[in-house]
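K.L.:
Sharing a structure here in structure tokens format.
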Amino acid sequence: MFISFEGLDGSGKTTIITKLVNKIEKEYPRLKYILTREPGGKNVPEAEKLREIILHPETNISDISEALLYSASRRMHLEKVIWPALENNILVLCDRYVDSFYAYQGFARNLGLDYVRKMTELVIDGTMPDITIFFNISPEKSKERREKNRLIVDRLEKEQNVFHEKVYHGYLELVREEPQRFITVDASLTANEVFEIVWTELNKHPKFQEYIQKYA
């Protein structure tokens, strides 16, 4: 099973993912899982090097070059982490995946959703998450949290407000297109409140229930 987590920077998703991993270990101690992220990937140094280039504040590349770096990183991630895990029925928990690419590069960079989807189809060979949890937070609240909590700001976080607004509306469009795949959570709530909603909704999801019955 493949679960991805999406949302604006400052949505709190990384905090909730940590809570979720702790809960899974407690409730389903026999369940095998892997926690990974994009851009980059767990134990994929080549993809992590591309992450450093993409996010470094001083990187100066065209939007298409940026998209190609993301795509190369994703392919490495799939080959070395996601596909081997899925082949062995290991639960994949991924902090960002293609929806981030669509929202940031397709919508906010104005490359177009069709363009980035065609690029992605060449990379992922149809591998999409079974469930995507979207942490819904307004661009204004996202900015407030980022300014309060971040000591180091990456290249994307430094973008103007209009960029993050485009990302947000891109996410909303993606959720509208595939409501059956997304669990949308109000991320303006406290971390504990958000986690309880995520845990409840995840355990109600038929695909997750089926997976747990088989492998936990």
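Even glycines carry a Cβ here, placed using N, Cα and C.
Note that TrEMBL annotation is computational and uncurated.
From TrEMBL, for reference:
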type: DOMAIN; residues: 5-195; note: domain 'Thymidylate kinase-like'
type: BINDING; residues: G7, L8, D9, G10, S11, G12, K13, T14; note: ATP binding site
K.L.:
Which chain neighbours of the ATP site, leaving out G7, L8, D9, G10, S11, G12, K13, T14, have a Cβ atom within 8 Å of the mean position of the site's Cβ atoms?
P.N.:
F135, I137, S142, R145, A187
K.L.:
So for G7 (ATP binding site), how many other CB atoms are inside 10 Å of its CB?
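P.N.:
There are 27 such Cβ atoms around G7 (ATP binding site).
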K.L.:
Give the three-state DSSP assignment (helix, strand or coil) for G7 (ATP binding site).
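P.N.:
The residue in question, G7 (ATP binding site), is strand (DSSP, three-state).
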K.L.:
Could you list the residues of the same chain, at least six apart in sequence, whose Cβ is under 8 A from the Cβ of G12 (ATP binding site)?
P.N.:
F135, I137, R145, A187, A191, V194
K.L.:
Could you list the residues of the same chain, at least six apart in sequence, whose Cβ is under 8 A from the Cβ of T14 (ATP binding site)?
P.N.:
D95
K.L.:
Check each residue in the chain of G10 (ATP binding site) that is at least six apart in sequence and keep those whose C-beta is under 8 Å from its C-beta; list them in sequence order.
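P.N.:
In sequence order, I137, K141, S142, K143, E144, R145, R146, N149 meet the Cβ cut-off.
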K.L.:
Tell me, roughly as an integer, the mean pLDDT over the domain 'Thymidylate kinase-like' (5-195).
P.N.:
95
K.L.:
Sequence gap of 6 or more, Cβ distance under 8 Å: name the residues on the same chain that satisfy this around S11 (ATP binding site), in order along the sequence.
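P.N.:
Within the chain, S11 (ATP binding site) has Cβ neighbours under 8 Å at F135, N136, I137, S142, R145, A187.
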